[in-house]
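Asks: Structure below; questions to follow.
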Amino acid sequence: MVRGVTPGLVMAAQVALLLLSVVGVAAEMPWLEHSPKADGSLTVLAVGDWGRRGQYNQSLVADQMGIIGEKLNIDFVINVGDNFYKNGLTGVDDKAFEESFTNIYIAKSLQKPWYTIPGNHDYRGDALAQLSPVLRNLESRWICMKSFVVSADIVDFFFIDTTPFVLKYWTNPKKSTYDWRGVAPRENYIANVVKELLQHVLPVLKAHGVDLYINGHDHCLEHISSRDSPLQYLTSGGGSKAWRGIFTPNSDKLEFFYDGQGFMSLQLTKAEVHLAFYDIAGTVLHSWGLTKPMQY
């Protein structure tokens, strides 16, 4: 959303993070409020690429998310896309929703809002099903939209659905069929999203600065530092199937890469952020912190 796609990566779902309070954004983009804790802190987990009915270590990742979620007293979960494999949901009555989500993420600490965005695999099925209020009625924690903002006073999360930006999904879908309802024609969708970003979101980002950029799609855990800005790129796509052996280096600085399953935590205050990546045993594989000057 900020600089486009990181060289060497295709980002199917993205979240840009601001470590400040921002007032007012586009009326067209849904704006959700989520209050931080009484002490002004906020803690979240981030995960993506998971929906395989517990297989490929999805259940083990879910177990550790529950343990870490309780330990950190999380406020919500950031779900960065590719939610149901291999071809999304067939409709709102698809049992895969319960078998891959409801029955897997059962820990008490995970019964918090799951702010969700679709990924490319979700477009291979009924893309509108995941956005339907029917699923929200089944699971109140399931909050899925194409693009929206979650404001938590000390931080704002911009969720941008970038799957329709990837040209090959339109021109060379191979054996897959994509459900572009509500998106096609592609040129109109991109023009409208870009217009909204340029007119309403980009001025906010330029004025205040984005600190973190979170994505899924790649089935790994990764941290990259931008070569020409303070921006940190974070991949949390290890929710289930991994070990693909795929790594594409680029000119940015690689801080951490793990070709396996896991997830990420973010602990935030108005001036600080601490992140950690965990594997299926709950071991911290990598951590990083940032302190920002207080703004009044």
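From the backbone N, Cα and C atoms, a Cβ is placed for every residue, glycine too.
What TrEMBL says about a protein is an automatic prediction, not a curated fact.
Annotations for this protein, taken from TrEMBL, read as follows:
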type: SIGNAL; residues: 1-27; note: signal peptide
type: DOMAIN; residues: 43-220; note: domain 'Calcineurin-like phosphoesterase'
type: BINDING; residues: Asp49, Asp82, Tyr85, His219; note: Fe cation 1 binding site
type: BINDING; residues: Asp82, Asn120, His217; note: Fe cation 2 binding site
Asks: With the Fe cation 1 site defined by Asp49, Asp82, Tyr85, His219, which remaining residues of that chain have Cβ atoms positioned within 8 Å of the Cβ centroid?
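Replies: The surrounding set, listed in chain order, is Gly48, Trp50, Gly51, Arg52, Gly119, His121, Gly216, His217, Gly237, Gly239, Ser240, Lys241.
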Asks: Report, as a single number, how many Cβ atoms besides its own are within 10 Å of the Cβ of Tyr85 (Fe cation 1 binding site).
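Replies: A count of 24.
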Asks: Whole-number Å only: compute the distance from the Cα of Asn120 (Fe cation 2 binding site) to the Cα of Tyr85 (Fe cation 1 binding site).
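Replies: Distance between the two Cα atoms comes out at 10 Å.
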Asks: Between Tyr85 (Fe cation 1 binding site) and His217 (Fe cation 2 binding site), find the distance joining the two CA atoms and give it rounded to the nearest Å.
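Replies: It is 12 Å, counting Cα to Cα.
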Asks: Just counting, how many other CB atoms are there within 10 A of the CB of His217 (Fe cation 2 binding site)?
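Replies: If we count other Cβ atoms within 10 Å of His217 (Fe cation 2 binding site), we arrive at 24.
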Asks: Roughly where does the domain 'Calcineurin-like phosphoesterase' (43-220) sit in mean pLDDT, to the nearest integer?
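Replies: Within the domain 'Calcineurin-like phosphoesterase' (43-220), the model's average pLDDT equals 91.
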Asks: If you draw a 10 Å sphere around the Cβ of Asn120 (Fe cation 2 binding site), how many other Cβ atoms fall inside it, taking every protein chain shown into account?
Replies: 23
Asks: If I restrict to non-local contacts, at least six residues apart, and a C-beta distance under 8 angstroms, what lies near His219 (Fe cation 1 binding site) in its own chain?
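Replies: Counting only residues 6 or more apart in sequence, the Cβ neighbours of His219 (Fe cation 1 binding site) under 8 Å are Asp49, Gly237, Gly238, Ser240, Lys241, Ala242, Arg244.
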Asks: Within 10 Å of the Cβ of Asp49 (Fe cation 1 binding site), how many other Cβ atoms are there?
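Replies: Result for Asp49 (Fe cation 1 binding site): 31 other Cβ atoms within 10 Å.
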Asks: Counting across all protein chains shown, how many other Cβ atoms sit within 10 Å of the Cβ of Asp82 (Fe cation 1 binding site)?
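Replies: The answer is 30 other Cβ atoms.
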Asks: Write down the Cα-Cα distance for His217 (Fe cation 2 binding site) and Asp82 (Fe cation 1 binding site), rounded and given in Å.
Replies: 7
